[in-house]
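Taken straight from TrEMBL:
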type	residues	note
DOMAIN	22-79	domain '4Fe-4S Wbl-type'
BINDING	Cys23, Cys46, Cys49, Cys55	[4Fe-4S] cluster binding site
Amino acid sequence: MDGPLEAADLIGDAPEWQERALCSQTDPEAFFPEKGGSTREAKRICSRCEVKAECLEYALGHDERFGIWGGLSERERRKLKRRVA
Ligand code: SF4
């Protein structure tokens, strides 16, 4: 796997900001931790990523359920959605 954005790649829906995604140059496993696993490393990478906002918006818009996107875990994204809904 090449990271969280691989799925978008496969369906030909890869957005332009993906080219600047920091996670594509790092360990993809960190972005899909086992249940209860640490999300710290992925979040650390996201915090330095220049397309964090675009990434988070994409994940929310596409209802991405798994993995860390835009520095937020699945649970954190669900919470955020509930807050803005
Ligand atoms: S914010 Fe995180 S998950 Fe999103 S593109 Fe950047 S490094 Fe990847």
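Keep in mind that glycine also has a Cβ here, set from the backbone N, Cα and C atoms.
Since the structure is predicted, the reported quantities are computational estimates derived from the model, not experimental observations.
Here the features listed in TrEMBL are painted onto the structure.
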residue : record                        : Cβ within 10 Å
Cys23   : [4Fe-4S] cluster binding site : 23
Cys46   : [4Fe-4S] cluster binding site : 23
Cys49   : [4Fe-4S] cluster binding site : 19
Cys55   : [4Fe-4S] cluster binding site : 27
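Counted with DSSP, the domain '4Fe-4S Wbl-type' (22-79) comes out as 32 helix, 2 strand, 24 coil.
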